[in-house]
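> Pasting the relevant annotations from TrEMBL:
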| type | residues | note |
| --- | --- | --- |
| COMPBIAS | 1-12 | compositional bias 'Polar residues' |
| REGION | 1-21 | region 'Disordered' |
| TRANSMEM | 26-45 | transmembrane segment |
| TRANSMEM | 66-86 | transmembrane segment |
| TRANSMEM | 92-118 | transmembrane segment |
| TRANSMEM | 125-145 | transmembrane segment |
| TRANSMEM | 165-184 | transmembrane segment |
| TRANSMEM | 191-213 | transmembrane segment |
| TRANSMEM | 233-250 | transmembrane segment |
| TRANSMEM | 257-281 | transmembrane segment |
| TRANSMEM | 293-311 | transmembrane segment |
| TRANSMEM | 323-342 | transmembrane segment |
Amino acid sequence: MAVSGPASSSERPWSDPRKGMSSDNIKGLVLALSSSFFIGASFIVKKKGLKIAGASGVRAGAGGYSYLYEPLWWVGMITMVVGEIANFAAYAFAPAILVTPLGALSIIISAALAHIILRERLNIFGILGCVLCVVGSTTIVLHAPQEREIVSVKEVWDLATEPAFLLYAALMIATTLILIIHFVPRYGQTYVMVYIGVCSIVGSLSVMSVKALGIALKLTFSGLNQLTYPQTWAFTMIVITCVIIQMNYLNKALDTFNTAVVSPTYYVMFTTLTILASIIMFKDWDRQGAIQIFTQMCGFVTILAGTFLLHRTKDMVEGGSSLLPLFLSTSVTKYLIIEVLFHCSFNSTIFFNATF
């Protein structure tokens, strides 16, 4: 049955935040946690597949695709697809500010499995990093905004075509084209932020399209067919295009650079930009007070600290190292300088997924 006279997107009712987590938010939370488990497990398998393929053929970082013939890579890929499907569904039920930061839990899963299966020792700082990620994720879950109630994919399209989000999307697309055309050929093999920048900028746009498509499918399964709207298929094409670009540059980044640098930067910048995009497009903070927003940001910063600590100390010898030499090391200093300069130059440096 058609819905008559829907309210405008800006007037669409929200769930009452005083009633605690809504049923949709709980569904999104469970799906996001499941996604983190599958994706976290896939990281180790996928990385091993890339190494095996690179030993017998042209590495992905050098433009090769020999990993497509490696069964182990496909096992990791299938596991990752299952996780991404769960993640896709999570966005249909919960706001991006709740779902996206929970991706940090996949890092904990990877670290734990590497410790158990690959015999990679997890030192005390790594354990502390895991604890910080859990504390930060819990904080965000408890203070996340309620999901906007949407009855048509056309409402999502209206949100995506508002001037503020169109400006954001235009800036991101322009930055991506500049990176691909000018910086990838010259600096792709030298600076980690080039490959990951492309992947993550595109990733932030794909998350908005994934959420729109997820909402369309959820409404369709509930009896309100959204497949007849051209907006649904437009979002589908955007998702497909973005995923192809993401996979290409993600494989290049994983095969070229140390994951201890790639993973935390990737996660931090992608999550930051995705939250920004969601705030602009879906107006997640419109019905929240300053204290709730501040608490969410504290939770996010806690996750960032845990992610950084987990990855930057994973190769330290327990009992024989301190954090001070780590922060003062030449390699870390160079890395931070590059990051700051690149961010100031383009104003939209972004990074996507954490991986081992």
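Using the three backbone atoms N, Cα and C, a Cβ is placed for every residue, glycine included.
The structure displayed is predicted, hence computed values, not measured ones.
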> With pairs closer than 6 in sequence left out, are the transmembrane segment (165-184) and the transmembrane segment (26-45) joined by 3 or more CB pairs under 8 Å?
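These two stretches do not touch.
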> How about the transmembrane segment (293-311) and the transmembrane segment (125-145): do they have 3 or more C-beta pairs under 8 A, pairs 6 or more apart in sequence?
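In contact, yes.
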> How about long-range neighbours of the transmembrane segment (66-86): same chain, 6 or more residues beyond its ends, C-beta under 8 Å?
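For the transmembrane segment (66-86), the far contacts come to 31-32, 34-50, 52-54, 56-60, 106, 251.
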> Would you kindly check 125-145, 165-184, 233-250 and say which stretch has the most C-beta pairs under 8 angstroms to the transmembrane segment (191-213)?
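So the stretch in question is 233-250.
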> Six or more residues beyond either end and a Cβ under 8 Å away: which residues meet both conditions relative to the transmembrane segment (233-250)?
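Here the qualifying positions are 153, 156-157, 195-196, 198-199, 202-203, 205-206, 209-210, 212-213, 216, 352-353.
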